[in-house]
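Here's the structure we're looking at; comments come further down.
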Amino acid sequence: METKQLETPIKITVAVTYLIMIVVNALANILPINGIDTGAVSDAYPNLFAPAGLTFSIWGVIYLLLLGYTLYQFGIFQGDKSKVKTELLRKIGIVFSISSVVNAAWIFSWHYRMIGLSVLLMLVLLLSLIYINQLILKEKLDQKEKLFIRLPFSVYFGWITVATIANITTLLVDIGWNGFGISESVWTILIIVIGLAIGAVTMIRNHDIAYGLVIIWAYAGILIKHMSEAGFNGQYSGIITTVIACIVLMGVAIGYVLFAKKQTPSILK
């Protein structure tokens, strides 16, 4: 199976669904869909977990990395074709195609403010990426495979981990949840800590530095939002302290993976 050529229909499906995802996400803000851009929908549900707008620029990195994967599974960048993990690419291709359609569907649910549906779609996307990453972890990859297979899905998985928490937070705002009388800032601190725990455990378990760096990026975005004048302007010192502590702890966790296990320092490890 390792040396068998990847089925053409799967390759084409991966490319077509990737393009659908890119086009829908582009049109979401160019048109925009339902007369409102993606960020404006987020702003309509104010909460203390949402990161600064610039944080979402990571989508450009994610889509570029996924383009690299899409081209790689077509044979570009592969080098010695006899060593290509065809079965792995086939399995990833099927699930990735589904996830791309789900990603596009999420855009419509979000722009039409069907927040409950958007959470369900986000969970499907998260589960798809968990499955893909588990497939990848079972394989021994060379450096090129780490670059074109593991790295794209590590970064994507890391961002969707945080995005899922943010999406659920938005749903709670949408339904008017009162937090059992506990203040919003306290709940946000709890959510931030839970998010760190999930991220750190996943990163350490998978030995996935790229995933951990994405969590740091997302939390840095939350910190910027809370400290900037355009954001919360330092009103919530408890949240700021918690986010800083979480970023430091994730850095320590990354250091553990890099050095305690005597691994080569590389985000591709």
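Glycine too: its Cβ is placed from the backbone N, Cα and C atoms.
Unlike curated records, TrEMBL annotations are generated automatically.
If you check TrEMBL, you get these features:
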TRANSMEM  12-36  transmembrane segment
TRANSMEM  56-76  transmembrane segment
TRANSMEM  88-108  transmembrane segment
TRANSMEM  114-132  transmembrane segment
TRANSMEM  153-173  transmembrane segment
TRANSMEM  185-204  transmembrane segment
TRANSMEM  209-227  transmembrane segment
TRANSMEM  239-259  transmembrane segment
Tertiary contacts of the transmembrane segment (209-227), as residues 6+ beyond its ends and Cβ separation under 8 Å: 48-52, 54-55, 58, 150-151, 154-155, 157-159, 161-162, 192, 195-196, 199-200, 202-203, 233-236, 239-240, 243-244, 246-247, 250-251, 253-254, 257-258, 266-269
Other parts of the chain folded back onto the transmembrane segment (88-108), taken as Cβ under 8 Å at six or more residues beyond its ends: 6-7, 10-11, 13-14, 17-18, 20-21, 24-25, 28, 33, 38, 69, 73, 118, 121-122, 124-125, 128-129, 131-132, 135-136, 139, 149, 153
